[in-house]
Structures are given as structure tokens and as C-alpha cells.
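As recorded in TrEMBL:
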type	residues	note
DOMAIN	251-522	domain 'UvrD-like helicase ATP-binding'
BINDING	GLY272, GLY273, PRO274, GLY275, THR276, GLY277, LYS278, THR279	ATP binding site
Amino acid sequence: MPQLAFAHSFWESYDVLEKPVRAGVRKAMQKFQLLTVPELHMDKGLHLESVENARDPRMRTIRINDFWRGVVLAPDDGSDVFLLVNVVPHDDAYTWAAKRLYTTNSATRALEVRNVVAIEQLTPVLEKAAVTADSLLFAKYSDTVLHELGIDEQVLRAIRTIVDKVQLRAFETLLPEDQCEVLQYLAEGFSPEEVYRDVVATRRPVDAGPDPDQSLAVAIANTTSRITLVTGPEELSDILEKPFAAWRVFLHPSQRRVAYRVSYGGPVQVTGGPGTGKTVAALHRVKHLLARSPDTRVLLTTYTNALAASLRENLALLLDGDDALLARVDITTVNAYAHGIVTRLDGKAPSLMGDREERQLWQRVVKKLGLPWTEQFLAQEYRHVILAQDLRTLDAYRAASRLGRGSALSATRREQLWPAVELFESLLRDQKATSHLKICARAADLLAASSPTHDHVVVDEAQDLHPAQWRVLRGAVAPGSDDLFITGDPHQRIYDSRVSLRSLGISVTGRTHRLRINYRSTEEILTWSTDILSPVTVEDLGGEGSDTLAGYRSLLHGRQPQADGYGTEQAEVAALVERVQGWIAQGIRPSEIGVCARFNVLLDKAYDKLAAVNVPVVRVRDNPAPGEDGVRLATMHAMKGLEFRCIAVLGATATAVPFAREVTPASVDALQHDSDLLRERCLLFVACTRAREALAVSWSGTASPFVPR
Ligand SMILES: Nc1ncnc2c1ncn2[C@@H]1O[C@H](COP(=O)(O)OP(=O)(O)OP(=O)(O)O)[C@@H](O)[C@H]1O
């Protein structure tokens, strides 16, 4: 019997097919498992036929129904693996298939596909233009170096003409995948040695001989990051019937390497720009940790309840709904975990004070003590110095470093300030209430005096955790191998918590990894959004230097983001309604559209206007079920961790982003001022990077200074 394999490109087309067409695909696939190779060729219904003028002689089409054709690569070397590469409307199938050529990469040994016809047509034109170019992108690399990285003759000739990264980007969809990735890394300034190590060596089979094995079956087996091989009928129906989530199967080698490393000697840190699959890596790590021993318990944390719910759903998908495995994972926010610890070990649930009440308490403190500081300054001192360093006495406060604060406080000033802290805490006690961070401090004390609750802790969205929350996580697991697996992106820090992980007993030295390929957004959305951050540097996750987005890129392409200003807010909202209707008319489901703004007031207006023209709308804060119809509306903060096919960012207006009230005046604290502005900038970055295919940013009046020109 032949075997069947599916290329990544197949899932992209299969996932958007109508149900009856999918049923047709399933029926056709079953034949591959029931019939012998000669029977397949003779089957009338399947109609396995060669493609006229195909550049790859192995190219075949099969009939799905009157309108749809499957494109298949059939072995011609005596091997028996058929590769399903695409499902395309009948008329396009032959042209699509005729232009594609599959080859084995000489370095990685994986199967790659190129648009051979387009490369042939473009190369002579580009060669003419290259003669007069001032410089060429790959001029400094010799043919030998490029060959060693797997670049073949046709690609070499083509890319010798490329002048810059923009031109390379335009070429990307035509190039064979592994070769394209090698070129992207080189274009970003990585050395050939680094590229060999990170791209080639991670894919190349350990037992690779001097020359590539030309068998299609071998190349397919070597392409685990882009091809799934199906071994039996059950597996086939399983993967065709479930909604296909590529991330469950196709991990990029850099993702697989971090998630499935057998063991780490201590805490691990995985960073990467938005959409690089950090959450995916965290979920796979949980799977790996569960598989290592039958009774390990894992704590998986994230930042919000909504994200915890989505982790739960995706982990169930990854673990095939295995309840015994799922029962060994606690998925929650750090705050909820700390609340649970305090409730259990103190014997009663703490009662929580909201942010607004907390601000009011600080106002009372300032009024009562007549101190020379604003309530904002005191609240920040309390959060960023006292709770961050867990200072419990005036002596400790006197001796503490205030590194990172923009105003000096002498010993006398600190003595003057400490009564404010004592008064604030006594007011909290009077009200029998406490704050999230105080609960965390209490939970960390309780954990230190009892024993860890879990064998492993996996932390997603780590960039916004406060030191008090890190202390809880440190206490949840005993220090040692595989204790903490931490994923986060400091470019998405929107709550201004800076930490030194090392000072909290979490040292990741020698165990840091970075993911660079964005799987969510198009390169156009990414380039535009990354420009929001180009004027600034961002402190890294562990507080030991700065982070960078170098080499961060996407393999997807699409339309340029739109950025439009309007005379009034009314006109802006009217344009939003038209845009959303336009997206829906293009076949995008309302639930695949996200609309966000800095404030709820503007979202309320958008809600009313969309509802008035019968566009279904729901608020993300109401926790709609994944399948619930309706355009999702959320504040920029609530967009963290989410993604949508289309995103409209409303109100990117100078008065809203940055929002002056949330920015400490430079006269009060210059460093805090800068860090507040950075936080507001990151907020716009987070909002824009939620978009997969389309991004529209708008404002009324003057644009936010953070919107790239
Ligand atoms: N190997 C993969 N193959 C296919 N899709 C992937 C892969 N890895 C991640 N994705 C998809 O890319 C998108 C982003 O992944 P994920 O949410 O894990 O990224 P992230 O780095 O956590 O993003 P953010 O920091 O913006 O929240 C998701 O839709 C995910 O399913």
C-alpha cells in the first residue's frame, strides 16, 4: 500500500474549504490507503493524471469534485510515499502545478518547493538591473559559502542580482523554503557559521552522507517541519476531521529544540517578538514534561484569565484530550495561584481591593500626612521599590538601592516617607482588604515556610510580572533541573514591571533562547509595527541588558497596513464601520475581526455604530466563547496574547497614545517618565501585532507620535 504525506501548503488550503469539498478530500485520501499503486493509477474516480508541461515530472492532479483538484507529488523512484501539496480550483490547478519544482536541499536534505518558472523569468531582468547597482546584498559571500549553506545553482544565480532586503522580500514566495530562510538570516547580518548552526545543522539528519539521497520518500522523512507523514487510516481520519492546527505538528526546528530538549540544568528563558510561537513552545514543553514521568505536576501560568482559558483549550488539543495528563497540569494566572495558596495555608480567602480604591487610599495618606509627594509618586515608590524588593522595615528601606528611579531620596527623605507606607498598610488592614501584590508577598512567605507545590513551572507572558509575582513562582517549585520554563517578549511590556531575575534566585545564564520567525502576521504588518519601536531600546526580560528584534521576520506576505487620519472621531468611527463591512463582504467572519482602542469610551461608540448596521459585535471582556459570532471589541490592554485575521486600531490619536494622565511628569521622575512613554509605545505595538492578514490604524485630529510615518 502507498503511504500518504501532507505538506504544510495543503493545510493552508484545506482549512478554508467548504465542508462538502473537505468530505471529497477525505474520500480521495482514503483511496490512497485502500488501493495499491497500480490500482490508484487506474481508479476512474480519483483520476490521478499528470500535468501537461509540468516542470516537475512527478506532479499529478486528482479529482476532488467538478470544481476542485488536489495536487499530488507522485514518487517515480520506486518509493511509495505520495505527497499531497495543495487543493486548488480546477482551472488554476494545472497552472499552479506546472510551475512548481520540488528538490532536495543539499545541506538540510529536506524537500523544498520553488516557483521555477517565475525565477527563470525574473532572473535575466534582474541581472540587467544589477549591473548598475551600487551594491548587492549577498556580494560578500562566496559561491562556496553559499553552496555549503544549501543554495543551489538556480537560486544562486537569482540571488546574486538582489540589491537589498526589500527586493529579497519580494522574491521570498518564489524561493525554496530552507534556502530562503538561510538567505533571510544572512540578510539580517548573521554570519554563515551562525546560519549553519541555527538553520542547517538543526535540520540536517545526523547520519547524512556526502550526497543527498534522491529518493522522494527519504526527502519527505527529512522534512518534519513542513510535512506530516500519515501512518494509518485512524491517524488519517483523526487529522482530517479535527480542526487542523499546524502548530500541533509542525514545530520550527528552533521551537522544537527549546520545547523538547530532554532536560535543562535550571531555569530557561525563551524570548521572541510577537507571534513567534512562544506560547506554542510553552505548550509543547508542558507536553514533554508530562511525558517524562508519570506523576510530575506542572504549573502553567499566564497573565489574564482569558489567556489561561485559551491555554487550557489548546493544551487539551495538543494532549488529544487525555484527561489523565490534563489533570496533572494547573493552568492559571500567578495572582489566582497566589490567592489559592493564601486561602489554603492561611485558612481564609483574602479580600481584594481594586486599583481605584488603592489610589483613593494613597490620596488619603497624602492628605493626612501632608507630605511633599504626589499620591502617584508614593504609589510608584511602593510598587517599584518597597514591594519589588520586599522591604518590610525602615532600616531595610534606608539601605535599599533605588536603581532605576529617577529621583534621589536621601536617608532623611526616606525616614519622612516611611510613615506613608505604614499608614497605607494600616488603612488596608482597617479595611480588611489587600492588593494582588500583597497577596503575592504573603503567598511567597507561606511557600517558603512550607514546600513547593509543583515539579515544574511554565510561565507564559512573563514580561509583565512584578518581582512579588516572581517570588511566588520561585516558591512554587524547588530550585533545580527543569524548574522554570519562561517565555515572554520585553517589547510587549505594558504594565511597567522591571525585574532582575537573577536577584530573585532565577538565573537563566547559558539557557536563553530566541525565536525569530513570526507565524502570525504578514511581513508587511510586521515591518510596519516594528517601526513603532524603532526609536527606542527595550530592556531584556531578566533585567540584564537590552533586547532586540534583529532577525525577526515572517514568511507570509499580504497587503500593506493602512494608516488614516480623520477630521473628527465621528468620521473615524464611520470609516471603521465601512472597513468592517468591507472585510465581512470579503468572506471574513465577524469573530475573526478585532477592533481595539485605548479607552472604552471610543469602543462604546464603535459598538453602537456597528450594531446599528446589524454587524454582530461582542466585548472581549464578556469572555465570548470561541465560536460565538461577533466582531471582538477590546481595549489595547485586553488585546494582549490574542490574534485576529483583521485588526482595526481606533483612536491612535496624539491625546490618547500616550495618555498624559498615565505618564509621570519628567519633573517628578525623569526615568519614570521615559519608562511610562515606552510602556504606551509598547501598547500600540501589542495592539498592531495582533493582526494576521490586515491591519488598519486610524486617528482623529493629530496622529499619535508613535504611529510610524
Ligand atoms: N510551528 C508553527 N507552525 C504553524 N503555526 C504556528 C507555529 N508556531 C506558532 N504558530 C502560530 O502562530 C501564532 C502565534 O503563536 P503564539 O501565540 O504561540 O506566539 P507568541 O510568540 O506567544 O505571540 P505573542 O507574544 O504575540 O502573544 C499562532 O496562531 C500559532 O498557532
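Going from the start of the chain as shown, residues are counted 1 onward.
Any Cβ shown, glycine's included, is placed from N, Cα and C.
The average pLDDT computed for the domain 'UvrD-like helicase ATP-binding' (251-522) is 93. Residues within less than 8 Å, Cβ to Cβ, of GLY272 (ATP binding site) and separated from it by at least 6 positions along the same chain comprise LYS278, ASP489, ARG514, LEU515, ARG516, TYR552. The local packing around GLY275 (ATP binding site), expressed as other Cβ atoms within 10 Å of its Cβ over all shown chains, amounts to 24. Cβ neighbour count for PRO274 (ATP binding site): 25 (other Cβ atoms within 10 Å of its Cβ, all protein chains included). In this structure, of the binding-site residues THR276, THR279, the smallest number of CB atoms within 10 A of the CB marks THR279. Take the mean position of the Cβ atoms of GLY272, GLY273, PRO274, GLY275, THR276, GLY277, LYS278, THR279, the recorded ATP site; other residues of that chain with a Cβ within 8 Å of it are ASP489, LEU515, ASN518, TYR519, ARG520. In this structure, the binding-site residues GLY273, GLY277 were compared by how many other Cβ atoms lie within 10 Å of their Cβ, and the smallest count belongs to GLY277. A strand conformation is recorded for GLY272 (ATP binding site) in the three-state DSSP classification.
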